[in-house]
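Below is one structure, written out as structure tokens, with a few remarks after it.
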Amino acid sequence: MSQDGKVKTTESTPPAPTKARKWLPVLDPSGDYYYWWLNTMVFPIMYNLIIVVCRACFPDLQHSYLVAWFVLDYTSDLLYLLDIGVRFHTGFLEQGILVVDKGMIASRYVRTWSFLLDLASLVPTDAAYVQLGPHIPTLRLNRFLRVPRLFEAFDRTETRTAYPNAFRIAKLMLYIFVVIHWNSCLYFALSRYLGFGRDAWVYPDPAQPGFERLRRQYLYSFYFSTLILTTVGDTPLPDREEEYLFMVGDFLLAVMGFATIMGSMSSVIYNMNTADAAFYPDHALVKKYMKLQHVNKRLERRVIDWYQHLQINKKMTNEVAILQHLPERLRAEVAVSVHLSTLSRVQIFQNCEASLLEELVLKLQPQTYSPGEYVCRKGDIGREMYIIREGQLAVVADDGVTQYAVLGAGLYFGEISIINIKGNMSGNRRTANIKSLGYSDLFCLSKEDLREVLSEYPQAQAVMEEKGREILLKMNKLDVNAEAAEIALQEATESRLKGLDQQLDDLQTKFARLLAELESSALKIAYRIERLEWQTREWPMPEDMGEADDEAEPGEGTSKDGEGKAGQAGPSGIE
């Protein structure tokens, strides 16, 4: 159907279906409602995976709670049916846009294998109860076909949870439990088929005291299966062919399961180490370097303490590398939500454009300083400014002991040194010693990054320079005369640059004109040489050459006037 046809159909729809659509909205496959529905479907699927097999292999369990099983069976069937309805109301992405047209959703769903599996899982095989009796739960094995829905729920949870590694381990343990559970059920069913107590391998005769209880039957079977699959204990030797086949199958399953478990655990551990390496610096390399270079123990202890502080307090120093795979705009939004409030406290950045602050936020570099470490010293060249995120810094004298002031969270320093303010008496050098009292977390903004951003915002640059001038005036650090001299020098330099630009433009124009004249002269000479060659060899000259030559040199043709002009110009030239 065309787009126009869709519009007409929507407009002609009566109010009743519109109201129905409100009650049955289209779900976003990445939304919360769809996620929680997937988690709801975990329960009926796990019920069928665990209980149905157990009921089929342990007759006492099936007979003792028949009514409860019927209630749970048809409750799970109802959820299966509702799940198909949810699938008919779950949108999908097409060219990045969520499709909410229910006709398109239904058409797409019924053409997938998922729809066929969902239908097969709801085939009413229970109708055979009428002929075979209600104690054959194996008729419900087709409910296992809904297992892909379980895997989808696990994948979504692993993506959303804050502890993905713990969830992976829990999921692996669940798989191990299901495998051992199924194996124990098959072991008990095989023992019943071969005869209880016929040899040491099968389940003991229920006539013995204690072995007739259902709980003992299941726990014994589960224990026996655990011994076989984990190969950690002695088990009775098989005696019959069926027992040998069962043991061989279990041993093969144990080998494959052991490889799977080891691979999964290795993957989890590797992911944990990779995450730590991405968030925190690798201290092992630094420790090895210090050992090879014979760094003194005191300095080595400080370095180790710094790494330990980062690890214990979850401090990150490489946010750029962590967020590098995000799209630029999304990375900017994350950085803005984390750091914009801190940057807004800086006086020279107040009332600046929001887009400017967003770009500056991406340039902030987190740094952590140890107790007693100098952030900057008096006289150092200032190439960056600092914003205190957490901790305390002291303005100290040259002796490093006398404190003039203490700077806390939210304060900043060094902002004047990264802005080129004319007349700044201190230039771009530090005017104080700043030392960290404890562990301090700072944000660093370099002069190069600020200059790069301000190149796109000249108006904001002028506003910042004006604010910097006001700050310097209050501090009596602004030389007005020097500022005027620098401004005059800058204006003179700009005037000279404009003059040079104008001269350069004139030279380029003259060069282009001369180049055009040179090309024209070369073309005329080429035509003349070719014409002389034809005349020298007394060949009949082509008409097009004569016409082209006449057009190129109207004063030097074959006419008498042309010959006279040529002779006047220099008769010996042709000779």
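Here the Cβ of each residue, glycine as well, is placed from N, Cα and C on the backbone.
Straight from Swiss-Prot, the features:
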type	residues	note
BINDING	348-471	nucleoside 3',5'-cyclic phosphate binding site
BINDING	ARG430, THR431	3',5'-cyclic AMP binding site
COILED	493-547	coiled coil
COMPBIAS	544-554	compositional bias 'Acidic residues'
REGION	164-272	region 'Ion conduction pathway'
REGION	231-234	region 'Selectivity filter'
REGION	274-350	region 'C-linker'
REGION	354-474	region 'Cyclic nucleotide-binding domain'
REGION	537-575	region 'Disordered'
SITE	PHE258	site 'Central gate'
TOPO_DOM	61-70	topological domain 'Extracellular'
TOPO_DOM	136-140	topological domain 'Extracellular'
TOPO_DOM	191-213	topological domain 'Extracellular'
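Distribution of Swiss-Prot features across the structure.
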| residue | record | Cβ contacts under 8 Å, 6 or more apart |
| --- | --- | --- |
| PHE258 | site 'Central gate' | none |
| LEU364 | nucleoside 3',5'-cyclic phosphate binding site | ALA335, HIS339, THR342, LEU343, ILE387, PHE443, CYS444, LEU445 |
| ASP380 | nucleoside 3',5'-cyclic phosphate binding site | ARG429, ARG430 |
| VAL396 | nucleoside 3',5'-cyclic phosphate binding site | THR402, GLN403, TYR404, ASN433, ILE434, LYS435 |
| ASN428 | nucleoside 3',5'-cyclic phosphate binding site | ILE381, GLY382, ARG383, SER417, ILE418, ASN420 |
| THR431 | 3',5'-cyclic AMP binding site | LYS378, LYS477 |
| ALA460 | nucleoside 3',5'-cyclic phosphate binding site | CYS352, GLU353, LEU356, LEU454 |
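Around CYS444 (nucleoside 3',5'-cyclic phosphate binding site), a 10 Å sphere centred on its CB holds 17 further CB atoms from the protein chains shown. For the region 'Cyclic nucleotide-binding domain' (354-474), the DSSP counts in helix, strand and coil order read 38 helix, 40 strand, 43 coil. Nonlocal intrachain contacts for the topological domain 'Extracellular' (61-70), taken as residues 6+ away from its ends with a CB within less than 8 angstroms of a stretch CB, comprise 51, 54-55, 134-135, 137, 214, 218. Beyond its flanks by at least six residues, the topological domain 'Extracellular' (136-140) meets 48, 52, 55-56, 62, 69, 73, 125-126, 128-129 of its own chain at Cβ-Cβ distances under 8 Å. Secondary structure of the region 'Ion conduction pathway' (164-272), assigned with DSSP and counted as helix (H, G, I), strand (E, B) and coil, comes to 80 helix, 0 strand, 29 coil. For the topological domain 'Extracellular' (61-70), the DSSP-based tally of helix, strand and coil residues reads 9 helix, 0 strand, 1 coil. A sphere of 10 angstroms centred on the C-beta of TYR412 (nucleoside 3',5'-cyclic phosphate binding site) encloses 20 other C-beta atoms.
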